[in-house]
Amino acid sequence: MINIEALSIREIEDRLQAKQGLMELLDAMRTDPRKAVQKLYAKALKKAQKEAKEQERILHLYQLEQAYYAQGLYEVAGVDEAGRGPVAGPVAIAAVILPPYWLCQGLNDSKKISAQKRDVLYDKILKEAIAVSCIMKEREEIDRLNIYQATQQGMYDAIAALSVSPQAVLIDAMPLPKLTMLHQSPVHGDALSASIAAASIVAKVTRDRCMQKWDVVYPQYGFAIHKGYLTQAHRDAIMKFGPCPLHRRSFEPIKSMVKDDSL
């Protein structure tokens with residue numbers, strides 16, 4: 001049992017910072033008559049409750065994975081893409097195998113978090129995941145196959161590129177009938193599965209960084225801002241300067257502007 005009144009405010013702050021016996025410490029702080037301790041207690045309790053809620057949210061993201069974990073299948077890959085909708089640039093497809101029940105604060109569908117948070121999570125995923133791969137399907141292949149088939153092939157390639165062969169695969173919405181291992185393709189999977197959410201972050205960050213580099217080569221289009229999506233500013237730039245080699249010839253309005261692939 002902690003003799004809380006024997007601890008100085010600084011010592012209590014240090015213990016809170018270290019999360020050393022946190023629940024026991026909070027319980028002792030609850031009855032400490034010192035106003036400074038009560039202020040610390042209220043702040044620490046609120047933080048602990050917030051962290052517990054976040055942990056519960058993240059654990060909820062493992063419902064799909066849990067069905068495989070229960071069968072002794074712990075190497076579950078999540079697969080997702082970024083860039084099917086833009087009229088310019090590649091589509092990025094990532095596959096990620098996370099450690100079972102990996103608790104990473106902020107992990108979520110890439111569309112629900114800021115670019116800054118995505119960058120932080122991207123680094124953490126690359127550092128702590130069991131395996132990560134990311135495949136880029138370029139504009140030429142998108143136009144040759146169509147965006148659906150290019151993305152589907154990219155998903156097969158991303159799974160094959162993993163350094164660890166997955167025992168099961170979760171894919172965001174896209175059916176992959178050629179897979180030989182257990183798999184499923186839940187709709188809005190990036191909001192239902194931690195593994196798919198992680199893959200969505202890797203794909204999104206990888207593609208965004210790619211488009212930022214292309215912005216240096218073709219600054220007139222604003223790729224660093226819209227990442228190839230057809231905003232009004234992007235449409236105006238296409239009309240003014242014509243399409244560049246990054247623009248997908250199979251997508252409108254580029255399709256109507258070019259008769260061949262020479263531009």
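Numbers here mean position along the shown chain, with the first residue as 1.
In case you wondered, yes, glycine gets a Cβ from its N, Cα and C as well.
Note that the structure is a prediction, hence the values are computed from the model and not measured.
Here's what TrEMBL has on this protein:
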type: DOMAIN; residues: 74-263; note: domain 'RNase H type-2'
type: BINDING; residues: Asp80, Glu81, Asp172; note: divalent metal cation binding site
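Every protein chain shown contributes to the tally, and the Cβ of Asp80 (divalent metal cation binding site) ends up with 31 other Cβ atoms within 10 Å. Of all the Cβ atoms in the protein chains shown, 24 others lie within 10 Å of the Cβ of Asp172 (divalent metal cation binding site). Shown in sequence order, Val79, Ala82, Ile93, Ala94, Met155, Ile171, Ala173, Met174, Gly189, Asp190, Ile196, Ala199, Ser200, Ala203 are the same-chain residues outside Asp80, Glu81, Asp172 whose Cβ sits within 8 Å of the Cβ centre of the divalent metal cation site. Taken residue by residue with DSSP, Asp172 (divalent metal cation binding site) is part of neither helix nor strand, so it is coil. Here the domain 'RNase H type-2' (74-263) has a mean pLDDT of 96 out of 100.
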